[in-house]
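Asks: So TrEMBL lists the following for this protein:
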{"type": "REGION", "residues": "1-55", "note": "region 'Disordered'"}
{"type": "COMPBIAS", "residues": "41-50", "note": "compositional bias 'Low complexity'"}
{"type": "TRANSMEM", "residues": "104-125", "note": "transmembrane segment"}
{"type": "TRANSMEM", "residues": "145-166", "note": "transmembrane segment"}
{"type": "TRANSMEM", "residues": "173-195", "note": "transmembrane segment"}
{"type": "TRANSMEM", "residues": "229-262", "note": "transmembrane segment"}
{"type": "TRANSMEM", "residues": "282-303", "note": "transmembrane segment"}
{"type": "DOMAIN", "residues": "337-393", "note": "domain 'MIR'"}
{"type": "DOMAIN", "residues": "406-462", "note": "domain 'MIR'"}
{"type": "DOMAIN", "residues": "467-524", "note": "domain 'MIR'"}
{"type": "TRANSMEM", "residues": "599-622", "note": "transmembrane segment"}
{"type": "TRANSMEM", "residues": "642-665", "note": "transmembrane segment"}
Amino acid sequence: MRRARPGAARGGGPRMPAAGDGQAGPGPRGGPLRRRESRRVPGGPARPAADAPPPLAAARPAALALVTLLSFASRFHRLPEPPHVCWDETHFGKMGSYYINRTFFFDVHPPLGKMLIGLAGYLSGYDGTFPFQKPGDRYEQHNYVGMRGFCAFLGSCLVPFAYLTVLELSKSLPAALLTACILIFDTGCITLSQYILLDPILMFFLMGAVLSMVKSNSCADRPFSASWWFWLSLTGVNLAGATGVKFVGLFVVLLVGLNTIYDLWDLLGNLSLSLVMFGKHLLARVLCLILLPLALYTAMFAVHFTVLNKSGPGDGFFSSAFQSQLIGNNLHNVSVPEHLAYGSVVTMKNLRMAGGYLHSHWHLYPEGIGARQQQVTAYLHKDSNNLWIIKKHDSDTDLSAPSSPVEFVRHGDTIRLEHKETSRNLHSHQHEAPLTRKHFQVTGYGINGTGDSNDFWRIEVVGRKTGKLIKVLRSQVRLIHVATGCILGSSGKTLPKWGWEQVEVTCTPYLKETPNSLWNFEDHVNPKLPNISLDVLKPSFAEILLESHMVMIRGNSGLKPKDNEVTSKPWHWPINYQGLRFSGVNETDYRVYLLGNPVIWWLNLVTIGLYLLITVSTAVALKRGVQLTSELKELSRVVLRGGGQIMLGWLLHYLPFFMMGRVLYFHHYFPAMLFSSMLTGKY
């Protein structure tokens with residue numbers, strides 16, 4: 001009988017390894033674990049132990065620190081130069097000053113970016129007194145570096161954000177480093193980050209949303225964990241931030257939304273997941289990606305309206321009720337005569353959102369545009385040319401004289417409106433309107449109030465009976481032209497430069513009751529009448545929020561280029577066709593020109609084409625049942641899933657501009673450029 005070796009189990013059981021067998025004892029789960037030790041190849045270097053971190057993993061923090069340092073160094077280099085206003089600093093620097101001074105203004109973008117610029121200026125010692133009148137104005141003793149530094153800080157964060165995003169999607173340190181290098185050395189990204197602009201703030205939140213989305217996806221195997229909730233919530237915060245800076249932030253909202261729909265659809269097909277658990281996933285995304293961003297976005301406007309409580313240059317874009325809440329506005333805490341009377345001096349505001357005040361001036365319509373008579377437009381700002389005198393249609397008696405009796409204007413009366421500055425009457429005839437075909441032209445006509453029967457208008461109040469008095473601010477009225485039967489209205493269309501880019505006023509033969517054809521009397525001066533308080537007009541926050549968005553949307557769609565301004569078309573952007581002049585109008589000025597690095601931009605364009613080719617080839621191969629190795633399968637997954645997210649981001653941030661009617665500039669492409677750069681680094 002053979003003697004059992006020491007350490008051997010009797011009865012044919014498993015052999016326990018001896019100390020010198022190169023094996024360790026049983027692991028935690030009872031299975032044998034191979035001892036982790038370094039082995040030296042004769043004549044070669046020692047191999048690292050299996051439990052030591054891989055070299056690339058150890059290098060990642062150092063690489064992140066390096067690219068972050070280079071990004072900040074390149075963005076903050078010579079930040080104070082030039083020491084004068086550059087390009088759109090004249091707008092956003094001025095708006096930062098408005099926040100510091102609490103002065104209400106109008107802009108086509110949501111308020112978050114300007115609020116942050118104003119806060120940065122306030123915290124860095126800027127007092128809000130620099131006028132920001134035009135590019136080239138020198139800052140002199142004013143502290144502008146704090147606002148530029150804030151934008152440069154956010155612009156510097158784009159590089160580490162892109163690095164971490166590509167690293168998460170590809171698990172490749174070289175790919176992440178290449179992406180970071182592309183953005184570090186792109187001259188366009190550097191330039192756009194160094195001035196008081198909304199673009200670096202927008203791109204900060206945009207890239208933050210993409211990084212948070214990718215990180216949230218990586219936590220899919222441990223749902224409802226602390227890290228999963230953190231990244232999902234942070235995605236919602238960044239979505240609110242991006243949308244709160246510019247409406248183009250909605251493109252990244254769409255990207256995250258499509259990613260969320262894909263994930264939920266995938267979860268719905270997982271039969272091991274109960275419907276109750278799927279409902280929890282759905283509710284979590286509704287909470288973090290819909291309700292949280294909406295709450296934050298609404299809070300931004302609440303802060304915006306609370307801070308800007310003083311009358312300013314944006315008053316005329318908003319309704320009379322809104323203006324009555326602004327300190328210093330002629331409607332704030334004042335009393336006006338309640339009922340309209342003949343001889344009153346009034347302003348009329350169109351009820352269309354941002355419809356403007358009924359306005360006229362000395363300029364005539366040009367040759368070929370209807371009758372060559374005085375222009376009548378709708379103007380969005382307070383102006384003395386908005387004042388009209390209400391007179392009887394058949395009398396020139398001065399009813400404003402103290403001795404004349406008070407006669408109220410009533411529903412159904414025929415009146416004449418005389419422009420106070422030019423003494424010409426509001427007039428219409430059957431000449432075609434300048435822009436809106438089939439509508440009639442509205443002009444100023446006559447001398448010192450003497451005109452003809454085409455100056456007569458019947459005033460009607462919505463929902464009132466004949467003979468009722470007309471209330472200032474609260475009565476919605478329409479003016480019907482007696483001779484033609486058409487209705488005075490604002491078309492909402494912006495006139496060309498000959499019309500000073502004001503809003504077209506027409507007389508429409510279509511009698512449909514719309515806000516375009518409704519007006520209210522706002523200012524009302526008549527010393528012979530008693531006054532009432534305007535506190536009854538206070539609007540709710542929901543009404544203000546809705547009105548502000550309608551005004552912004554209309555203003556955005558109506559943007560037109562300024563004189564000698566370089567605009568561009570979307571197809572110009574990826575090829576770096578032309579840039580933007582930020583500064584420099586003569587030979588002695590410090591010159592700044594926004595243009596991307598052509599090597600990088602053309603490489604990005606080539607990468608997009610190659611990616612599409614690779615994607616189509618991979619999809620065809622998989623469809624045809626080609627057997628792929630495990631490595632190729634993993635590569636195809638990265639190409640189709642990770643690369644697809646980046647490619648979709650590029651498409652969503654680029655293609656919509658082809659459908660926009662507003663003026664476009666080269667800088668609009670930079671959010672899409674971030675995605676194309678990540679795609680280049682990844683592949």
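Keep in mind that glycine also has a Cβ here, set from the backbone N, Cα and C atoms.
Let's see these features in context: how buried, what's close, how far.
Replies: Residues 91-93, 95-98, 143-147, 149-151, 196, 198, 201-202, 241, 243-247, 297, 300-301, 303-304, 307-315, 317-318, 326, 551-552, 555-556, 559 of the same chain, all 6+ positions outside the transmembrane segment (104-125), place their C-beta atoms under 8 angstroms from a C-beta of that stretch.
Same-chain neighbours of the transmembrane segment (173-195): 56, 59-60, 63, 67, 70-71, 74-75, 79, 86-89, 148, 151-152, 154-156, 158-160, 162-164, 166-167, 579, 582, 592-597, 600-601, 604, 667, 670, 673-674, 677-678, 680-683, counting only residues six or more beyond its ends whose CB sits under 8 Å from a CB of the stretch.
Long-range contacts of the transmembrane segment (282-303) within its own chain (CB-CB distance under 8 A, at least 6 residues past either end) are made by residues 110-112, 115, 224, 229, 232-233, 235-237, 239-241, 243-244, 253, 256-257, 260, 264, 541, 544-545, 548.
Summarised as a single figure, the pLDDT of the domain 'MIR' (467-524) averages 90.
Counting residues 6+ beyond its ends, the transmembrane segment (599-622) has Cβ neighbours under 8 Å at 182, 185-186, 188, 574-576, 628, 636, 639-640, 643-644, 647, 650, 673, 676-677, 679-680, 683 in the same chain.
If you look at the transmembrane segment (642-665), the same-chain residues 6 or more away from its ends with a CB under 8 A from one of its CBs are 169-170, 210, 214, 248, 251-252, 254-255, 258-259, 556-561, 566-570, 573-574, 580, 608, 611-612, 615, 671-672, 675-676, 678-679, 682-683.
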Asks: Count the residues of the domain 'MIR' (337-393) that DSSP assigns to helix (H, G, I), to strand (E, B) and to coil, and report the three numbers in that order.
Replies: 3 helix, 28 strand, 26 coil
